[in-house]
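K.L.:
I'd like to ask you about the structure that follows.
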Amino acid sequence: MNSLILAVVGVGMMMAGYLLYSRFLARRVYTLDATFRTPSHELEDGVDYVPTNKFILWGHHFTSVAGAAPIVGPAVAVIWGWLPAFLWVTLGTVFFAGMHDLGALWASVRNRGQSIGSLSARYIGARGSRLFLVVIFLLLLMVNAAFAVVIAGLLVSTPTAVIPTWGALVVAVLIGQAIYRFKWNLPLVSAVGVAALYSLILLGDRVPVVLPETVLGLSPEAFWIIVLFVYAAIASVLPVWVLLQPRDYINGLQLFIGLGLLYGAVLIFRPEVVAPSFNTNVPEGTPGIMPLLFVTVACGAVSGFHGIVSSGTSAKQLDKETDARFVGYFGAVGEGLLALGAIIATTAGFRTLADWEEVYSAFNEGGVAAFVTGGGSILNAGLGIPTSLSATILATMAVLFAATTMDTGVRLQRFVVQEIGDVIGVKLGTVIATVIVLVVCLGLTFSAGADGSGGMIIWPLFGTTNQILAGLTLAILAVMLVRKRRPVLPILIPLVFVLFISVYALIIQLGGFLAEGNWLLLVLDVIILIAAVWVIVESAVALNRARTATPEADDEDERDSVVTGGGSQE
Amino acid sequence: MRERWRAFSAGLHEFYVAPYRRTFARARRDEDDLFRLLVMSEMLGVPNPASYYTAELLPVLYDGFHDWHRRMGMERSPLENYRCC
């Protein structure tokens, strides 16, 4: 199989999904109305509620939802062969992710821009919002732990990425200063920033930084993990304009450049896919494809985190309700393209099947490092960029994705910890709350050993939690549609599938953790399992209630939310 | 051409500021609230040596006063001579 065919078929499927299926959803299921007065107009305040051009909003939405997860998940999942990962990413984007993200936007817009947390309280029940808090806390915990391991692994496997990774922080700080302190022209600052970043990549490629076998008694991976968490903690308490904002911005630009380079190289080079379509010779210890494939690839196929972004910020800025189709559905397509790029890089970027099998020698062994190696060789062959430099570009891209998510994740988790403190009557300051987050995350990361491998063991657990969150959003959509007596099967089938797969995967993983005697992950698994069962029960009750209730008018949810004083609780 | 460049520049600016607009607005509001508290401290029973100067600012702060006391959890204005609702 030629990778160009894979790219063309994959992109074609996702574009067809956008042109045909999203049109069906927009017209028949969500019945988007261009004349509906969206919250950005009704509650316009220049802060949260601002009518925004749909292309710019798509840019925000896409860069907010895209992170390292659509690279890591597919890069791990191709161990079962390229075809299952390809089918789950493409069909998942079309029938799950696009529908979910568009639906989350629609639900929030119809409820004065309320977040998924508020909507779960309203449509699933009061317990729904508490459930949401539990799930979001676990999700952030796992994101931080897993991404720290991903970055540390890349810094060790690709030492040429060390200078650009840390140098990007200096570039971001300078961008922030140039814009806020010196009021410099943004296009100029952007051009200089991107040029500086790529100069650092060139420098890093010439000067690799390899740590000795032990640093302060720690392995290089463990050392980088600790440094990363300390950095993320400092970044999370700094004013956002100093680091987080310019870092997100430069990372957004990098995302578009990286995607363009990868697909451009595939178009020119057209490498053969060397990995088998179905891998019947999986390494020993690889878990079964069913159900693990569907939780290993979460972002890129379906992700509950997108619902948080859709209802948290995007819905408040939607100019017209009909723009939701482009912003929500096409935003999911963007993430699907990133996942497809990862599949191509990790299956077509090797010379022979033996080379590929050598990299994929065990479950979790290939992963994002395979993306860097494979993608690097495609960039080299397609665009003539030297192999080492290509690998450095892709490693830096993956690290920046993971690091920006980690910065924000630590910050958000600190807020959650402070909220929990408020609930139990303890006032937690910024520093104390950040230290608590740090200790919990480090505890999880090092739960499976001193090398920090615990962060990657939980990857499928992260996928499960993310999909339970997606299940919660889908349950809200289903209840809304049943109340209105609209077609509900396009939501109900994915909802049942996602929850079934999540519970199935959790039970399988439970057995694994029990056999390993990994009590920390076992307890985490049990908590998530309880949350999953909770979502199923609450959803079933809410759906039954909606089915037997009197049908409601199209704008009834909106009127209700006015009466109950709905608004963002973020 | 110039129009297109201007639109591009505006779009890029929006791309930069929008994700953190809420954070900045909240920080600005917190700062304003603190300033309002300082200006009104005398009226709230807290001695303020600078009240001779800050009193001049009271009319300027009147516009946002209603939102402020609601935000502070007071349904009605706490000041007898400062009525807004």
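Residue numbers in this text run from 1 along the chain shown.
Glycine residues also receive a Cβ, built from the backbone N, Cα and C atoms like all the rest.
Among the features that TrEMBL reports, domain 'CstA N-terminal' is placed at A:2-347, A:361-505. If you look up TrEMBL, you'll see A:6-26, A:62-80, A:86-109, A:130-155, A:161-179, A:289-309, A:329-350, A:383-403, A:424-445, A:457-481, A:488-507, A:519-537 (among others) marked as transmembrane segment. Sequence annotations record features per position, and here TrEMBL assigns region 'Disordered' to A:548-570.
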K.L.:
Are there 3 or more C-beta pairs under 8 Å linking the transmembrane segment (A:6-26) with the transmembrane segment (A:424-445), counting only pairs at least 6 apart in sequence?
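P.N.:
The transmembrane segment (A:6-26) and the transmembrane segment (A:424-445): touching, no.
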K.L.:
Would you kindly list the residues that approach the transmembrane segment (A:383-403) from elsewhere in its chain, counting only those six or more residues past its ends and only Cβ-Cβ distances under 8 Å?
P.N.:
66-68, 71, 147, 150-151, 154-155, 157-158, 160-161, 164-165, 168, 197, 201-202, 204-205, 228, 232, 247, 250-251, 254-255, 258, 261-262, 264-265, 268, 345, 368, 371-373, 375-377
K.L.:
What stretch, picked from A:6-26, A:161-179, A:457-481, has the most CB pairs under 8 A with the transmembrane segment (A:289-309)?
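P.N.:
Out of the listed stretches, A:457-481 contacts the transmembrane segment (A:289-309) most.
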K.L.:
Mind tallying the domain 'CstA N-terminal' (A:361-505) by DSSP state, helix then strand then coil?
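P.N.:
Split into helix, strand and coil, the domain 'CstA N-terminal' (A:361-505) gives 117 helix, 0 strand, 28 coil.
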K.L.:
Same chain, outside the transmembrane segment (A:6-26) by at least 6, Cβ under 8 Å from its Cβ: which residues?
P.N.:
32, 82, 86, 89-91, 93-95, 98-99, 102-103, 263, 266-267, 273, 322, 324-325, 329-330, 333, 336-337, 340, 343-344, 348, 490
K.L.:
Counting only pairs at least 6 apart in sequence, do the transmembrane segment (A:62-80) and the transmembrane segment (A:519-537) share 3+ Cβ pairs under 8 Å?
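P.N.:
These two segments do not touch.
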K.L.:
Let me spell it out: take the transmembrane segment (A:86-109), skip the flanking residues so only those 6+ beyond its ends count, and list any with a Cβ under 8 Å from a Cβ in it.
P.N.:
6, 9-10, 13-14, 16-18, 21-22, 25-26, 30, 32, 36, 38-39, 65, 74, 77, 115-116, 119, 293-294, 297, 300-303, 306-307, 310-311, 314-316, 318, 321, 324-325, 327-333, 335-336, 339-340, 343, 470, 473-474, 476-477, 480, 490-491, 494, 498
K.L.:
Residue list, the transmembrane segment (A:130-155) vs rest of chain: Cβ under 8 Å, 6 or more residues beyond ends.
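P.N.:
Distal contacts: 67-69, 72, 116-117, 120-121, 124, 161-162, 165, 220-222, 224-225, 228-229, 232, 304-305, 308, 367-369, 372, 395, 398-399, 402-403, 405-406, 409-410, 412-413, 416, 419-420, 437, 440-441, 444-445, 452-456, 458-459, 461-462, 465-466, 468-469, 472, 524, 527-528, 531, 534-535, 538.
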K.L.:
The domain 'CstA N-terminal' (A:2-347): mean pLDDT?
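P.N.:
Within the domain 'CstA N-terminal' (A:2-347), the model's average pLDDT equals 91.
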K.L.:
Using a Cβ-Cβ cut-off of under 8 Å, list the residues of the same chain that are 6+ residues beyond the ends of the transmembrane segment (A:457-481) and lie near it.
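P.N.:
Those are 29, 69, 72-73, 76, 96, 100, 103-104, 106-107, 110, 116, 119-120, 123-124, 128, 131-132, 135-136, 138-139, 142-143, 145-146, 287, 292, 294-299, 302-308, 364, 444, 448, 487-488, 491-492, 494-495, 498-499, 501-502, 505-506, 509, 518, 521, 524-525, 528, 531-532, 535-536, 538-539, 542-543, 546, 557, in sequence order.
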K.L.:
Give the nonlocal contacts of the transmembrane segment (A:329-350) in its own chain as ranges (CB under 8 Å, at least six residues past its ends).
P.N.:
3, 6-7, 10-11, 14-15, 17-18, 22, 25, 58, 61-62, 65-66, 70-71, 73-75, 78, 82, 85-86, 89-90, 92-93, 97-102, 255, 259, 262-263, 266, 271-275, 297, 299-301, 303, 306, 314, 356, 359, 366, 370-371, 373-378, 394
